[in-house]
Amino acid sequence: MAASVVKTPKCPRRGSVKDVAQNAPRTAPTSSKEANWNWWLLLATVFLVTFATRFYKVTEPDHICWDETHFGKMGSWYINRTFFFDVHPPLGKMLIGLSGYLTGYNGTFPFEKPGDKYNETRYQGMRYFCTTLGALIMPMGFDTVYDLTRSHEAALLAAAYLIFDVGLLTLNQYILLDPILLFFMMASVWGMVKVSKSTASGGSYGLRWWLWLFLTGTMLSCTISVKFVGLFVVLLVGLHTATELWLILGDLGQPILETVKQLACRAITLIVWPVLLYILFFYIHLSVLNRSGNGDGFYSSAFQSRLIGNSLYNASMPRDVAYGSLVTIKNHKTGGGYLHSHHHLYPKGSGARQQQVTTYTHKDENNKWLIRPHNKPGPPKGKVQILRHGDLVRLTHMATRRNLHSHNEPAPMTKKHLQVTGYGELGLGDANDVWRVLIVGGKVNETVHTVTSRLKFIHLLQNCALTSSGKQLPKWGFEQQEVSCNPNVRDKNSQWNVEDNEHKLMPSVSFSVYAPGFFARFLESHAVMLQGNAGLKPKEGEVTSRPWQWPINYRGQFFSGSSYRIYLLGNPLIWWSNLVFLALFVTVFLCNAVVQQRRAGFARSAAQNQAQVPDSETVAQDEESEHSTTDICSCCTPAKEIVPKAVPSGSPEAPNPAQSLRAAAWLFLGWMLHYLPFWAMGRVLYFHHYFPALIFNSLLTGVMYNYILRVLPKWIHHVILGLVLSILVYSFAAFSPLAYGMSGPLANEPNSTMYNLKWLSTWEF
């Protein structure tokens with residue numbers, strides 16, 4: 001395609017954005033129409049190939065695969081309006097439940113474990129929904145790269161890298177949060193680029209500009225409402241927006257009021273609007289899930305009082321706690337469990353071989369304790385004796401009839417604390433069973449109240465506080481939480497409250513007055529989610545991974561381990577070539593930065609040695625030095641530029657190499673933001689956590705491919721692209737059984753059809 005040299009309009013730092021739009025080079029209408037047809041043809045091809053590959057065998061296997069057991073179950077709970085606890089925000093699970101409901105699923109399938117057959121269950125609608133969102137990532141990726149490069153070849157290659165990755169295909173075909181998350185993340189980046197493009201072409205404050213701004217804000221809110229890792233794309237869009245505002249501020253052709261207007265518009269659409277949407281999603285979540293479920297115990301007693309069917313809902317219990325009360329005692333920290341015991345003993349090497357005492361987050365008969373005087377078998381018969389601040393008590397576990405006990409033995413997990421056990425027979429024990437009850441901030445003789453009083457239990461002899469350390473016990477403790485006696489009696493983890501209170505002789509009162517409002521529950525939900533997320537631990541036999549393994553495709557992850565096997569693994573040719581283009585970008589970017597810095601230094605040196613009027617060569621060098629790699633303005637161009645004539649009408653001219661490099665820099669930043677933070681995370685990590693970063697890497701590959709091959713004639717460019725696409729298609733066909741299903745011998749057996757594809761010993765398919 002012929003090219004011509006055109007003079008570029010002034011940078012908006014010397015003239016207005018409108019000047020740039022008015023002075024933009026005019027292109028031939030015929031060529032523009034041809035480019036538009038090419039764009040639509042390629043986009044249609046991307047759509048067809050994407051949907052063909054994604055929906056092929058989407059309902060197979062017809063059994064639960066991997067985390068479908070969690071998110072399918074949660075979709076069922078939304079349909080049944082049953083409250084549950086999860087570490088992720090609610091939007092993705094609400095959409096899964098909604099898609100199931102609209103396609104005829106009734107919410108009764110148990111989703112117990114991977115491998116269970118769906119049988120007559122109408123699960124297909126939920127898979128179709130997740131797959132559809134996953135399939136829309138590729139067209140958006142195509143258009144995003146096209147807007148960044150104005151290159152059909154770059155856009156097509158980036159889309160091909162997304163389409164023909166069998167790992168992304170596998171992740172898109174099941175009832176999971178990941179395709180929903182990736183869709184909203186990609187839509188956020190797409191909107192960000194569209195806003196930048198519209199602003200650069202002088203379209204600010206037009207209808208299209210506003211629509212793209214609101215779309216971007218909506219997608220940002222949806223991304224972080226699916227998983228908290230959506231914060232990374234929020235940060236990316238925020239940095240990009242701040243950069244654009246900074247460049248608008250430096251546009252001397254515009255009054256400073258223009259910057260204020262732009263800032264206000266973006267604050268409304270990219271901050272206020274997403275926050276309101278985020279709150280709305282939680283309002284819907286808490287309104288729909290209004291029935292008691294197995295996740296109640298993760299939340300405070302007051303929170304539970306809003307759940308229909310919970311023992312605290314419209315509860316009528318004694319207001320005061322008395323001797324002889326049968327109570328449950330809940331740790332007052334966020335996500336705290338119930339004081340719990342059972343017949344099992346601590347194992348050898350974990351302190352005295354006495355009965356285990358733990359905290360447990362689920363309601364259970366083993367959570368009930370009887371409050372007794374410290375020096376009598378019980379209160380006087382027929383009389384009520386109120387429990388007060390400073391009283392000495394024994395707590396007897398009702399199911400086992402052993403007393404809450406501590407002694408001078410180290411706790412099993414927190415060695416600086418003392419062990420807490422169940423001790424004695426039928427309520428008879430020793431002096432180590434005596435605890436002093438203190439109300440936090442209480443006064444002498446102040447009454448202990450149900451739910452509202454925050455309590456400390458101080459051991460009389462050891463002077464330590466009953467504490468939930470938050471540490472998880474091993475298998476011998478059923479992975480419940482350790483309870484210990486902490487010498488630091490001021491530790492906030494040593495605060496408790498009485499949740500359930502039964503006493504035959506005391507009048508009951510309604511507790512509905514203590515039910516919290518929406519914002520109190522909204523804040524508590526976040527505290528519980530964040531704490532749960534940070535404390536995630538791998539289950540026994542579960543395959544986890546570390547961040548260094550992800551970019552090199554070191555090990556995959558089984559989605560289905562039955563005779564019909566599904567294995568999550570990236571297309572190695574795509575993943576490893578992505579790393580090559582990452583390295584190329586870093587190399588080119590650094591070299592370009594060095595060259596620009598040297599040119600700037602040369603220009604300054606030459607200017608000092610010139611006469612008062614510099615010659616034209618020095619001026620040209622000075623102008624060229626302005627276009628450094630740190631200038632990210634989407635509408636700045638060098639003094640001279642080669643521009644293809646065939647550009648779609650109404651769109652900005654093709655970016656020059658420096659602009660392409662700056663576009664690649666933003667994609668590289670997106671990759672870093674979605675990858676590097678995982679190195680600092682202490683929680684359990686899995687291979688699928690890398691896929692948001694993979695999308696940025698694949699888009700970067702398309703941009704860098706165009707940057708590197710831009711100097712070649714078009715026909716050579718097309719030949720190379722054809723060869724690359726052929727290799728991608730072939731590799732996809734070879735590795736597609738990983739996504740579509742494998743049967744027969746494993747790949748490490750010579751008679752396996754996958755034998756020659758096991759390139760790394762760590763691949764387990």
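Note: Cβ is positioned from N, Cα and C throughout, glycine not excepted.
Here the structure is a predicted model, which means the values were calculated and not measured.
Helix, strand and coil counts under DSSP for the domain 'MIR 1' (318-374) come to 3 helix, 29 strand, 25 coil. What Swiss-Prot records for 318-374 is domain 'MIR 1', and it gives sequence analysis as the kind of evidence.
As annotated by Swiss-Prot, domain 'MIR 2' applies to 384-440, with the evidence given as sequence analysis. With DSSP classes pooled into helix, strand and coil, the tally for the domain 'MIR 2' (384-440) is 3 helix, 29 strand, 25 coil.
The domain 'MIR 3' feature in Swiss-Prot is assigned to 445-501.
If you draw a 10 Å sphere around the CB of ASN80 (N-linked glycosylation site), it holds 15 other CB atoms from the protein chains shown. Here Swiss-Prot flags ASN80 (among others) as N-linked glycosylation site.
Within 10 Å of the Cβ of ASN106 (N-linked glycosylation site) there are 12 other Cβ atoms, across all protein chains. If you look up Swiss-Prot, you'll see ASN106 (among others) marked as N-linked glycosylation site, on the strength of sequence analysis.
Under the heading N-linked glycosylation site, Swiss-Prot lists ASN119 (among others), citing sequence analysis as support. Long-range C-beta contacts of ASN119 (N-linked glycosylation site), restricted to its own chain and to partners at least six residues apart, with a cutoff below 8 Å, are absent.
Within 10 Å of the C-beta of ASN290 (N-linked glycosylation site) we count 14 further C-beta atoms, all protein chains included. For ASN290 (among others), the entry in Swiss-Prot reads N-linked glycosylation site.
Swiss-Prot lists ASN314 (among others) with the feature N-linked glycosylation site. Taking the Cβ of ASN314 (N-linked glycosylation site) as centre and 10 Å as the limit, one finds 11 other Cβ atoms among all the protein chains shown.
The N-linked glycosylation site annotation in Swiss-Prot covers ASN445 (among others), and the record cites sequence analysis as its basis. Note on ASN445 (N-linked glycosylation site): other Cβ atoms within 10 Å of its Cβ, all shown chains, come to 10.
Sequence-distant contacts of ASN751 (N-linked glycosylation site), defined as residues of its own chain at least six apart whose C-beta falls under 8 angstroms from its C-beta, comprise PRO745. Per Swiss-Prot, N-linked glycosylation site is recorded for ASN751 (among others), and the stated evidence type is sequence analysis.
Per Swiss-Prot, the feature region 'Disordered' maps to 1-31.
Sequence annotations record features per position, and here Swiss-Prot assigns transmembrane segment to 35-55 (among others).
The feature transmembrane segment is assigned by Swiss-Prot to 128-148 (among others).
Annotation source Swiss-Prot lists transmembrane segment at 175-195 (among others).
The transmembrane segment feature in Swiss-Prot is assigned to 206-226 (among others); the stated evidence is sequence analysis. Counting only same-chain residues 6+ beyond the ends of the transmembrane segment (206-226), those with a CB under 8 A from a CB of the stretch are 88-92, 177, 180-181, 184-185, 187-188, 190-192, 194-195, 198-199, 233-234, 237, 265-266, 269-271, 273-275, 277-278, 281.
Residues or ranges marked as transmembrane segment in Swiss-Prot (evidence: sequence analysis): 228-248 (among others). Long-range contacts of the transmembrane segment (228-248) within the same chain, counting only residues at least 6 positions beyond its ends with a Cβ under 8 Å from a Cβ of the stretch, are 12-13, 17, 88-89, 181, 184-185, 188-189, 192, 196, 199, 216, 220, 222, 254, 258-259, 262-263, 266, 270, 274, 529-530, 533, 632-634, 666, 669-670, 673-674, 677, 689, 692.
Separating the Cα atoms of ASN106 (N-linked glycosylation site) and ASN314 (N-linked glycosylation site) is a whole-number distance of 29 Å. Of all the glycosylation sites listed here (ASN80, ASN290, ASN445), ASN290 has the Cα closest to the Cα of ASN314 (N-linked glycosylation site). Here the C-alpha separation of ASN445 (N-linked glycosylation site) and ASN290 (N-linked glycosylation site) works out to 38 Å.
Separating the Cα atoms of ASN290 (N-linked glycosylation site) and ASN80 (N-linked glycosylation site) is a whole-number distance of 10 Å. Contact count against the transmembrane segment (128-148) (Cβ pairs under 8 Å) is highest for 175-195, out of 35-55, 175-195, 566-586, 667-687, 719-739. Note: the domain 'MIR 3' (445-501) comprises 6 helix, 27 strand, 24 coil (DSSP; helix = H, G, I, strand = E, B). Tallying C-beta pairs under 8 angstroms between the transmembrane segment (175-195) and each of 35-55, 566-586, 689-709 places 689-709 first. With a cut-off of 8 Å between Cβ atoms, the residues of this chain six or more beyond the transmembrane segment (566-586) that come close are 61, 65-66, 161, 164-168, 170-171, 551-553, 556-560, 664-665, 668, 671, 687-688, 694, 697-698, 700-701, 704-705, 708, 727-728, 731-732, 735, 738-739, 741-742, 759, 763-765. A Cβ distance under 8 Å defines the sequence-distant neighbours of the transmembrane segment (689-709), meaning residues of its chain 6+ beyond its ends; these are 137, 141, 144-145, 148-149, 151, 153-159, 161-162, 165, 167-168, 171, 178, 181-182, 185-186, 229, 232-233, 547, 550-551, 570, 574-575, 577-579, 581-582, 584-585, 588, 657, 660-661, 663-664, 667-668, 670-671, 674-675, 678, 716-717, 720, 724.
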